[in-house]
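Enquirer: Got a structure for you, written out below as C-alpha cells; questions coming shortly.
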Amino acid sequence: MLDARKNSILGYLGLNNKSDLIISVGLIFVVAGFILPLPAVILDVLITVNLVISLLIILIVLYSKRSLDFSVFPTLLLVMTIFGLVLNISSTRLILTKGINFDGQMIRTFGTFVVGSSGIQGLVIGFIIFIIIIAVQFIVITKGATRVAEVAARFALDALPGKQMAIDSAYSSGNLTEEEATRQKNDLQSEVNFYGAMDGASKFVSGNVKVGFLITLINILGGLLVGITLQGLNFNEALNNYVSLTVGDGLVSQLPSLLISTSTGLIVTRSISKNSFGGEIFDQFTNHLGIYWIVSGFLLFLAFLPGFPTLILMFLSLSIAFLAYSLSGIRQKEEIDKKMKLEEEQASIYSDKDVSPVVPLDPLALEIGYNLVPIVDDTKTSELLDRIVKIRREIAFEFGIVVPKIRIVDNMRLEPNAYSFKLRGVEVGRGEIKLGKFLVINVGIDSGIDGDLVKDPSFGLPSLWVNDDGRETAEKLGYTVVDPPSIIATHMTELIKRHSYEILTRQDVQNTLDVFKKDYGAIVEEVLKNFSVGEIQRVLQGLLKEQVSIRNLVTIFETIADFTSITKDIFFLIEKCRQSVGRQITSGYLDLNSELNVITLNPSFEQMIIDSRVESNHDLISSIDPNLKTKFIYELFKIVNEVQAEGFYPVVLSSESSRPIIKVITSREIPDLVVMSVLEVPQNIKVNVLKTVEVEE
C-alpha cells in the first residue's frame, strides 16, 4: 500500500523509480557543502529546507499511530545531523569571510528580529535564549529520550521470545492465519530493530546539541579574532557584527535541532495505538468531564482575589465551562447513538435476512473443560500448543496432507477435566485428564503401583493415573509414563491419522495439483484430462483410509495416468496405486530381519469372499452370509490375538481381488487390521506365514 502511494506521488511528479537517485544526489550535495563555499542565497534556501524538514518530521511523528509507521526515523536522524553540521560549517565560513558584508537573510533575521532587540542588549538576549534552548535540549529532552530509547531497546529485545511464542500459540490454536502470523512476526522483528537503532540514533541527537554549543562558542571567539586582528575593527564593532551573526546562526541551527530532539522523545515514548497523538490526547482528556468544571470554578475563585487579572481569569473560566458543556453534549449524543446501534444489532439477531443456512464449521477443533484451560494458556509457555504445531508438521511429513488449523475452545458443557476432538463439528474422540497427575500406560492388575485404573484414550490400553511418587515407581519398573499435554497430543495425532481421509477436501487436492503442476505439468495434465478433481480425491482418500501415505504423489499420479485409457474404476485404481507404493507400505511392517510375517486365509473361503463382492459407483460391500462373516471375524480375531501374544504385528496377506473385500468385512470389528495383497510385497522380501484362518461352511 505504501509502495503504491509512493509510486503514485512520484509518478505524478514524473519521477517514477528515481527516489533513490534523488536521495543519493542530495547526499552528494550535502557532503560537497563541507568543501565548497556556498553563496548566501543558497545558504538561506538550505536553512529553510532544514527548518521545513524538521517541521515535517515532528508532524509525521505526531500523526503516526505507532513507532513502526515512521521506521526510517533513526536513519533520518543521522542524515539530518550531517545536514545541520554542513549548514553550520558553511555559515561559519561565510560569516568569517564576509563579515560586515554578510547578506544571509535567515541568519541576520534570527540575530535581530527573532531576538527582539539590537545592539549589546540584543546580543545578551540572543545568547541567553540560545543557552536556554541548549539547556532544554540537552538536560531535559535529549537526556530523557536517550534513556527511554535504551530502556525500550532492552525491553523490546527481552520480550521478543515471549511475543514470538504467543504468535506461534495463536497460530497453532487457529486464532491467526499463516499470513497474519508471518506479518506479526515481521512487525515484531522490525520493532526490535527500530528500538535498537533508536538506542544508537539518540546519541546523534545529544552529540548534535553539544557540537552546536561548541561551534557557537568557537564562532564567537573566531569572529572577534578575525574582526579585531584581520579587519581592524574595534571590540564593539566586532561584537555587533560577528557575535550578532553567530548568535543568529546558533538560533537558526538550534531550532530545527530542537524540533528533531522533540520528535525523538515523542517517537520513543509512543505506545501502539489506534489513534494519532492528537487523537489520543483528545480521547484521554475527555474521559472525565467533571474536572473541567472544577478547573473553571477554581479560575473563577482566583478572579475575585485581589491582585489577580480578573478579566483574563473570568474569560478562561467561562471558556473552560463552555468547553465542558459542549463536551457533555457530544458525550450524550455518542451514548444515544451507541444505544441505538446496540438496539439495532439486537433487533438484527432476530431478522430473517441475517439468518443464513451456511454456517462455516472449523475443520478441526479441540474443546476442553474449564479445568484444562491452564494447559493451553498462551500467556506462558504451553507445551500442548507447541505439540500441536509439531503434530501438523509431522503428519504433513508422514502422510503428505496439510492438516488445517486446530481451533482450541473451552466448552462449559464438557466435564471440567474432559476434552473433545471434533472434525467439522462432529466429535470423533474424547478423553479425560487429571491435571497434576501422570498416566502409566499398559500396566497389569498386579503391577504394585497405586493409582486410578483407566483406559488410555489413544489406544485403549489399561493405564493408571498416579502422582509424583507413583511416577517414579512406574519409571523404575520400566513402564511408559506420560504427562497430560502428551496424552492429549498423542490422542489428537491418532485421531487425525485415523480420519485423515475425511480431512482431505477437494480444495486441498486442487491446491496440491496447482503446486504439483509447476514441476510435473505433464503428469497433472494427463491425469486431469480423464479424471475430475473429485475422482482424484476419492483415490487419495482410499489410500489414506488405510493409513497409506500419499507423499509419493509422483508415483501415485503416474499410476493413475497409466490406467486412464483402461478404466475409471476408483477401487481398481486404489489397488494399483497401493501396488505402486508397495515397498513403502511393506517397509512399515517388517521385523528386525526385514521379513514380513503374515496371516493368510483358506483359499476356498477367500474365493467365497471374492464372489461376495458387490460394487457401486461410490461404495464396496460384501454379500457374504452373515453367519459365515461372524465365524470369520471370530476366527480372525482369535488368531490376531495369538499373533500379538507371540510378539508379531498382525498383517493379513491375500490376493489382489479379495484384499479390499476383507478390509470392508473387518473394518468395523477390527478397524486397525492391516490387509495387504500379494502384489504389494516386493519380490526380495521373505514372507513367513504365521497362521491361516480356517472357516467351516
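Glycine too: its Cβ is placed from the backbone N, Cα and C atoms.
On a predicted model such as this, the values are computed, not experimentally measured, just so you know.
From Swiss-Prot, for reference:
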- 22-42: transmembrane segment (TRANSMEM)
- 43-63: transmembrane segment (TRANSMEM)
- 70-90: transmembrane segment (TRANSMEM)
- 122-142: transmembrane segment (TRANSMEM)
- 211-231: transmembrane segment (TRANSMEM)
- 247-267: transmembrane segment (TRANSMEM)
- 277-297: transmembrane segment (TRANSMEM)
- 298-318: transmembrane segment (TRANSMEM)
- 355-375: transmembrane segment (TRANSMEM)
Enquirer: Near the transmembrane segment (122-142), which same-chain residues lie under 8 Å Cβ to Cβ, leaving out any that are not at least 6 residues past its ends?
Expert: 111-112, 114-116, 202, 205-206, 209-210, 212-213, 216, 239-240, 243-244, 247-248, 250-251, 254-255, 257-258, 261-262, 264-265
Enquirer: By a Cβ-Cβ criterion of under 8 Å, what residues six or more beyond either terminus of the transmembrane segment (70-90) are in contact with it?
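Expert: Result: 27, 30-31, 33-34, 37-38, 43, 46-47, 50, 53-54, 57, 60-61, 64, 190, 194, 197-198, 200-201, 204-205, 207-208, 211-212, 215, 249, 253, 256-257, 260, 263-264, 267.
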Enquirer: What else in the chain is close to the transmembrane segment (43-63), if you only count residues 6 or more beyond its ends and a Cβ gap under 8 Å?
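Expert: For the transmembrane segment (43-63), the far contacts come to 33, 70, 73, 76, 80, 83-84, 86-87, 90-91, 94, 104-107, 252-253, 255-257, 259-260, 262-263, 266-267, 270, 276-278.
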Enquirer: Honestly, do the transmembrane segment (247-267) and the transmembrane segment (298-318) touch, with at least three Cβ pairs under 8 Å and pairs 6 or more apart in sequence?
Expert: no
Enquirer: How about long-range neighbours of the transmembrane segment (211-231): same chain, 6 or more residues beyond its ends, C-beta under 8 Å?
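Expert: Same-chain contacts beyond the flanks: 84-85, 88, 92, 95-96, 99, 130, 134, 138, 237-239, 241-243, 245-247, 249-250, 253-254, 257.
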